[in-house]
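Participant: Have a look at this one.
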Amino acid sequence: MSAPLSLFVTGTDTEIGKTFVSAALLHGFARAGLRAAAMKPVAAGAYERDGAWRNEDADQLDAAANVALPAAIRTPFLLKAPAAPHIVAAREGVALDIGTIVDAHRRACEMADVIVVEGVGGVRVPLADTRDTADLAVALGLPVVLVVGVRLGCISHALLTAEAIAARGLPLAGWVANRIDPAMPFADDNIDTLRAWLEREHRAPLLGALAHMSPPSPDAASHALDVNLLLNALRAAAPR
C-alpha cells in the first residue's frame, strides 16, 4: 500500500475561495478512487448546534470528503470569533500549538489516501507572536496549492504569495484561478499572465480556472481541475 499523500491549501487573501477549492479537490480525489479527508486545523468563527460548536468551512469540507475525520483531528483549534486567529486565540486563552496540529495530521494520514489541509487566511497569517501559517506548512512538510482570487490586484498578490512560499523552501505544487469577481475586466489576460510567471519562476502549473458560480458547487467545479496533474506533483514531492 502506497504512503498517503497530503497538500496544504493557502490563498492570496481571506474569502477568496480556499474552502471552495479544497472541497472541489476532495470531490476530484474521490472520483479518482481515493479515500479523501480534509483538515481545517485552525478555524476562526464558530456557531453552536445541538450543543456542539461547529465551523462553516469545516462543515463544507466534511460534506465533500468521503472519509470523515473525528472533529478533534479535523479541527484541533476551533475559535469562536471570526477574526485573525492569533488575536482571537489570545482573547479566548488558547495557544495555537503547531505540534498538536502535526500530531493530528499524522493520525489523519492513517485514515485516508489523501489529506487536504486548508490553512487559515493567507500564508503569512500569524498563529502566535513569532509563528505564522507558513511555519505550519513547513512543520507539516507539505507541498502547497495556491488559490488565487481573480480580481483587480491579483497578479501582485499571487506573485508575492508565491515568493513567500518559496522563501520557506516549500514546493508550490500548483495553483487554481478562482473567479470571485464576475465583472472583472480582462480576467483571462490576468490568468494568462499568472500562468506564465508562476510557471517560469516557480514551475507551478495552473491546475484549473474556475468560473464564478452562484450558488457555488464544489462538485461541478471539480471537473475543471486537473487532479491527475496535482497527484503526480504530490507523488514527486513525497519523501522517498
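Glycine residues also receive a Cβ, built from the backbone N, Cα and C atoms like all the rest.
Pulled these features from Swiss-Prot for this protein:
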- K40: active site (ACT_SITE)
- E15, I16, G17, K18, T19, F20, D57, E118, G119, V120, G121, N178, R179: ATP binding site (BINDING)
- T19, D57, E118: Mg(2+) binding site (BINDING)
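Give me the structural setting of these features: burial, nearby parts and distances.
Facilitator: Take the CB of K40 (active site) and look out to 10 A: across all protein chains shown you find 26 other CB atoms.
Counting Cβ atoms from all protein chains shown, G121 (ATP binding site) has 20 others lying within 10 Å of its own Cβ.
Annotation for E118 (Mg(2+) binding site): spatial neighbours V9, K18, T19, S22, A38, M39, K40, D57, L61, criterion Cβ-Cβ under 8 Å with sequence separation of six or more.
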Participant: Just going by other Cβ atoms within 10 Å, which of the binding-site residues E15, G17, D57, R179 has the emptiest spot?
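Facilitator: Result for the binding-site residues E15, G17, D57, R179: minimum number of other Cβ atoms within 10 Å at E15.
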Participant: Would you mind pulling the DSSP three-state label for E118 (Mg(2+) binding site)?
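Facilitator: Note: E118 (Mg(2+) binding site) is in a strand by DSSP.
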